[in-house]
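Asks: Residues or ranges marked as active site, proton acceptor by Swiss-Prot: His303. Sequence annotations record features per position, and here Swiss-Prot assigns Fe cation binding site to His346, Glu352, His382. Annotated homogentisate binding site per Swiss-Prot: Tyr361, His382, in sequence order.
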Amino acid sequence: MNINAAPQILGRSSQDITPGYMSGFGNSFETEALPGALPVGRNSPQRCAYGLYAEQLSGSPFTAPRGANERSWLYRIRPSVKHSGRFAKTDMGLWRSAPCFEHDLPIAQLRWDPPPMPQEALTFLQGVRTMTTAGDVNTQAGMATHLYLITQSMVDQHFYNADGEMMFVPQQGSLRLVTEFGIITIEPAEIAVIPRGVKFRVELVDGPARGYLCENYGGAFTLPERGPIGANCLANSRDFLTPVAAYEDKDTPTELYVKWGGSLYVTKLPHSPIDVVAWHGNYAPYKYDLRTYSPVGAIGFDHPDPSIFTVLTSPSETPGTANIDFVIFPERWMVADNTFRPPWYHMNIMSEFMGLIYGVYDAKPQGFVPGGASLHNMMLPHGPDREAFDHASNGELKPVKLTGTMAFMFETRYPQRVTEYAASSGLLQDDYADCWNGLEKRFDPNRP
């Protein structure tokens, strides 16, 4: 199924192109911006149409099992060897990679206020602020969580990440991601995933933008198994959208930045690298609207585990143990009878970084605000504050619909280490643990 998937008309700027999409998750897609640009029945003909070059981009080893084998064939104006000159190492700003040991902050439950929108001009690369790192970028295991603050579009600048795939979670303002596979636009309550090695630039759509970014060093995000849930609900494949081909034939000086091995490098090009006229394969960027997620839950009693809200998972080598789970807490009905309905008190082998896109999170009605974040690291207790506990313990148990809310969680098997920015930026709430002070002793051996 194609959505606005007509061939894209050549423009000197991506602003001349209207995004179009193909639906499905992990499909073998094919798309061309000029008729006949895709070869038929073969991948690398002796001579490609329109004088294009054939190039394969592999996201997995050649010998990976068929179900996990990811690659795309790109038909482009110039091969990527023409997109790399002499690289020079450049400043990473506030972007950090694991392992990162910058701060001796004692272990604790942590929560941050949202960062204010800066007044100075910041492109995407300048606006990334790393909050936590986990695992090791050099062993392709773990992740990093970042905030981004963007006040200026990237102009004649492009980027790709060799260290991991990147999930954008907008909280304020829309983004236009101009990738070599096509163009993706996202707004709050949508996400986009850019695979490692894919070149792109970030443009603003309607003013400054703020949001969250997950950098996945491990296995690519995929849909979780549904098990006894069956064939439907949760995130459905048809709601994921991959862009149709769109290209620039633009001979103007451009900078290409590459994140590799935890460092940032830059080279200068005389042309835009967004020059893929056609492509086919299953390794490509995509977007997803979180509002299409179909949650399941308890319709009798008890509060189920939060894993039922998993949208995407990055598996590890241990079955059932995720490198990263991306989990959301969307609008839903709460109907469980004789049940404490908010998330229960918990100590967990996994480490949880949470953010709030909009609304109120039911376990923390105060202090956890849109654009903010919290971190509950492995084996550190957490749960509802006094206000949430009292309300849930004494309220009438009639069906209640949680509306106007969208929280999310990046959960990993690795401990998440806080960066210097996260510890010292002034956003850290030093009174977060006080939210549990009001939980008094209620035990009475004479009152069952």
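These residue numbers are counts, starting from 1, taken along the chain as shown.
Cβ coordinates are placed from backbone N, Cα and C, and glycine is handled just like the others.
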Asks: Cβ within 8 angstroms of the Cβ centroid of His346, Glu352, His382: which residues besides those meet this for the Fe cation site?
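Replies: The surrounding set, listed in chain order, is Pro343, Met347, Asn348, His376, Leu380, Pro381, Gly383.
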Asks: Sorry to bug you, but what's the C-alpha spacing from Tyr361 (homogentisate binding site) to His382 (Fe cation binding site), rounded to the closest Å?
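Replies: His382 (Fe cation binding site) to Tyr361 (homogentisate binding site), Cα-Cα distance: 14 Å.
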Asks: How many other Cβ atoms are found within 10 Å of the Cβ atom of His382 (Fe cation binding site), counting all protein chains shown?
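Replies: His382 (Fe cation binding site): 19 neighbouring Cβ atoms within 10 Å.
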Asks: Using Cβ-Cβ distances, find the residues under 8 Å from the residue listed as 'active site, proton acceptor' that belong to the same chain and are at least 6 apart in sequence, listing them in sequence order.
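Replies: Sequence-distant Cβ neighbours: Ala336, Thr339, Phe340, Arg341, Pro342, Pro343, Trp344.
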Asks: If you count Cβ atoms within 10 Å of the Cβ of Tyr361 (homogentisate binding site), leaving out that atom itself, what do you get?
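Replies: Tyr361 (homogentisate binding site) is surrounded by 23 other Cβ atoms within 10 Å.
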Asks: About how far apart, in whole Å, are the alpha carbons (Cα) of His346 (Fe cation binding site) and Tyr361 (homogentisate binding site)?
Replies: 17
Asks: Count the Cβ atoms, other than its own, that fall within 10 Å of the Cβ of His346 (Fe cation binding site), considering every protein chain shown.
Replies: 13
Asks: What count of other C-beta atoms do you get within 10 angstroms of the C-beta of Glu352 (Fe cation binding site), across all chains shown?
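Replies: Step by step: centre on the Cβ of Glu352 (Fe cation binding site), count other Cβ atoms within 10 Å, giving 21.
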